[in-house]
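S.K.: Before I ask anything, here is the structure I am working with.
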Amino acid sequence: MPSINRSKTKTPMPSQDAKLRSKNFNEVALGYTEEDAINEAQRCLNCKKPSCMEGCPVQVQIPRFIKHIAEKNFESAISVIKETNSLPAVCGRVCPQEEQCEQKCVLAKRGDPVGIGRLERFAADWERQQGVKIPDKANPIGKKVAVIGSGPAGLTCAGDLAKLGYDVTVFEAFHEPGGVLIYGIPEFRLPKEIVKQEVDFLKKLGVKVQTDMVMGKVLTVDDIFEKGYEAVFIGTGAGLPKFMKIPGENYLGVYSANEFLTRINLMKAYKFPETDTPVKVGKKVAVVGGGNVAMDSARSALRMGAEEVYIVYRRSESEMPARKEEFEHAKEEGIIFKFLTNPTRIIGDEKGWVKGLECIQMELGEPDASGRRRPVPIKGSEFTLDMDTVVIAIGTGPNPLLIEATEGLKLNKYGYIETDEDGRTSKEGVWAGGDIVTGSATVILAMGAGKKAAQSIHEYLQGK
Amino acid sequence: MFQIIDKKDLAPSIKQFVVDAPLVAQKARPGQFIILRIKEGGERIPLTIADYDTQKGTITIVFQEVGKTTKELGTLKAGDYLADFVGPLGKAVEFSNHKKVLGIGGGLGVAPLYPKLKMLHENGAEVISIIGAKTADMLIMEEEIKAVSDKTYVCTDDGSKGRHGFVTVVLKELLEQGEKFDEIIIIGPPILMKIGTEIAKPYNIPIMVSLNPIMIDGTGMCGGCRVTVGGETKFVCVDGPAFDGSKVDFDELMKRLQTYTSEEKLALDKYHSERGACKCHQ
């Protein structure tokens, strides 16, 4: 019987020193040692009715895997996780556990919850260090399923279907699979080698991955059916950057967060000129927005050599959608936060380069539809911040490329795909999930949608 | 991996590849483009499709060696492979029952002009073309353009072939003579498209231009290729590359093309020093 750890606080996570890390792209959080992990696992009460699991979109058997860690049986721990989660090393790093499993943990009532995310990460990293075991391939069913998009939704759906014996092909538009895990989330939060290994694991399960396939252009959904696929899952994400529609947004040095992060992450601009794609980061950078993408952009700008990096957000700290951990990390690294500040105009020089960001001071008014207090501009409070780079991270919309090329797909009023609870769309044999259905959300919600859709596709194809 | 089946030198520093890309060729239409990457770590560059063969499953691209990537591309030979070849991207052009069309191509712009004129010619339209280059030996695809045109004017900046002067001079003359067209297509460097549009605009003839901004993904995901068209922001990769020239803010496009001038020079210098090439031809 493992001993019990009655500490009210989580075993701390070792991390790179803030000053040091703000100059490199190496991972910030360093992960638990075996000792840390066992220590933390021993805090779990192993509840008979574990409420933590209600908070997990992919139903990881949380107390079971934690018990294995407490007993130093790491191999069993990871195999429990992998029963339901195809991307544990990713989830252990980027899931907002504080709003999900950990929020529901009984210990959270009187202290810190069990560090479920940290333990998941530990188990996944332990396995990677040992060398991932090649799983037994399922007996082939002899039915082909196509997955469009290789982000978290698509990879999860593909993995679950492959485990059931389907012949799954994932079509990815970029030259590398992983979607937002590759182009969006920075190396220092999610090393790309990990994404690569998770994709390799899926390949070992039999999943085929075809890159360079911009679906809707090179093949339509109907073409896919003609090629003998019996079901299609669309997980193309919400890849259409929103701009603020204020004057000056096309000045040189203004980026959408998507472009800024894609240059740095996917195209590895931080290694330029060793790699061929550059990114221009000035001395003073303003990132507009208050979500995780804004934090990622600001912290990336700092690592690219910016001297001062601002986050300009129109609401106050408490309304910020970013994870608390990301906000804390950004603050530690020296990011300057300008709350209740809304850009009104980008100012450029005669050659078209950004030189300033004109903003207006805001105050909080009555709550809006989202339940958050609505920011209202204070008349006459305009002021200008000198800037030479502006990154706009105010969200994304649905990318219409595939949608426009697919007949019979019902959309909602915002242009996202309409589905039922299981991800089934209005088009026969077509499912969808992730940001292309919900709008910008989290990795784990997309994975949950991919998982549900896989189950529903399985039921559909069994009856066929 | 995508194999280069054929390579041709069209002019000093301008090369043509025929690339084996059956899926892309299956769907390609005039006006669309591809994005390629030479190798791991390479940059993604957009190139307009100069021709395609659905039967053979090939795409023809034409490029000029100006920066590091295009120079490196130029060193590849028939039989070599490209790491990535993505497409067809962008909107295909459509012409509604055009009877008479004027096509203008300057420099490398002659290549993307060709498939449009070819389609118009096949649809029975009368095609008048004006093509030009700096010098006679920089002129490309003259025979191909002539084969799909009813009349072709050739111009060179230095007078070494055809008319002495810019293609826009001939454009001006034709319009002043009262020639009527259902559409004028102008493709070339932004400054050419800007001047051509300014000349043609008063005649109230639709003007089509094809834009070439900096791009990354080519799927509308990053917005790096944004241009202002008719006062609205458009993404060239998904809304274009063809636009109504009379509405395009060319000055903004030209400025935005300068974003990475110093980085482009750095990359090229590094490339040259690593290859040990002499610097006298730069």
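From the backbone N, Cα and C atoms, a Cβ is placed for every residue, glycine too.
What TrEMBL shows for this protein is this:
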DOMAIN    B:1-95  domain 'FAD-binding FR-type'
BINDING   B:VAL62, B:PHE63, B:GLN64  FAD binding site
BINDING   B:CYS222, B:CYS225, B:CYS237  [2Fe-2S] cluster binding site
S.K.: What kind of secondary structure is B:CYS225 ([2Fe-2S] cluster binding site) part of, going by DSSP in three states?
M.R.: coil
S.K.: Given the binding-site residues B:VAL62, B:CYS222, which one's Cβ is surrounded by the fewest other Cβ atoms within 10 Å?
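M.R.: Relative to the other binding-site residues in B:VAL62, B:CYS222, B:VAL62 has the fewest Cβ atoms within 10 Å.
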S.K.: Would you list the binding-site residues among B:VAL62, B:GLN64, B:CYS222, B:CYS225, B:CYS237 that come within less than 8 Å, Cβ to Cβ, of chain A, in the order they occur in the sequence, writing 'none' if nothing qualifies?
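M.R.: Of B:VAL62, B:GLN64, B:CYS222, B:CYS225, B:CYS237, the entries that lie near chain A are B:CYS222.
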S.K.: Count the other Cβ atoms sitting within 10 Å of the Cβ of B:PHE63 (FAD binding site), across every protein chain shown.
M.R.: 23
S.K.: Work out how many Å separate B:CYS237 ([2Fe-2S] cluster binding site) and B:PHE63 (FAD binding site) at their Cα atoms, rounded off.
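M.R.: Given the Cα positions, B:CYS237 ([2Fe-2S] cluster binding site) is 18 Å from B:PHE63 (FAD binding site).
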S.K.: May I have the list of same-chain residues other than B:VAL62, B:PHE63, B:GLN64 whose Cβ is within 8 Å of the Cβ centroid of the recorded FAD site, in sequence order?
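M.R.: Apart from the listed residues, the neighbours are B:LEU10, B:ILE14, B:LYS15, B:GLN16, B:LEU47, B:ILE61, B:GLU65, B:THR70, B:LEU108, B:ALA111.
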S.K.: Using DSSP, would you call B:PHE63 (FAD binding site) helix, strand or coil?
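M.R.: The residue in question, B:PHE63 (FAD binding site), is strand (DSSP, three-state).
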S.K.: Would you kindly give the Cα-Cα distance separating B:VAL62 (FAD binding site) and B:CYS222 ([2Fe-2S] cluster binding site), rounded to the nearest Å?
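M.R.: B:CYS222 ([2Fe-2S] cluster binding site) and B:VAL62 (FAD binding site) have their Cα atoms 25 Å apart.
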S.K.: Grab the pLDDT values for the domain 'FAD-binding FR-type' (B:1-95) and give me their mean, rounded.
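M.R.: Computed over the domain 'FAD-binding FR-type' (B:1-95), the mean pLDDT is 96 on the 0 to 100 scale.
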S.K.: If one looks at the chain holding B:CYS225 ([2Fe-2S] cluster binding site), which residues at least 6 apart in sequence have a CB under 8 angstroms from its CB?
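M.R.: Long-range Cβ contacts: B:PRO213, B:ILE214, B:MET215, B:PHE235, B:VAL236, B:CYS237.
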S.K.: Give me the non-local Cβ neighbours of B:GLN64 (FAD binding site): same chain, 6+ apart in sequence, Cβ-Cβ under 8 Å, ordered along the sequence.
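M.R.: Non-local contacts for B:GLN64 (FAD binding site): B:SER13, B:ILE14, B:THR70, B:GLY107, B:LEU108.
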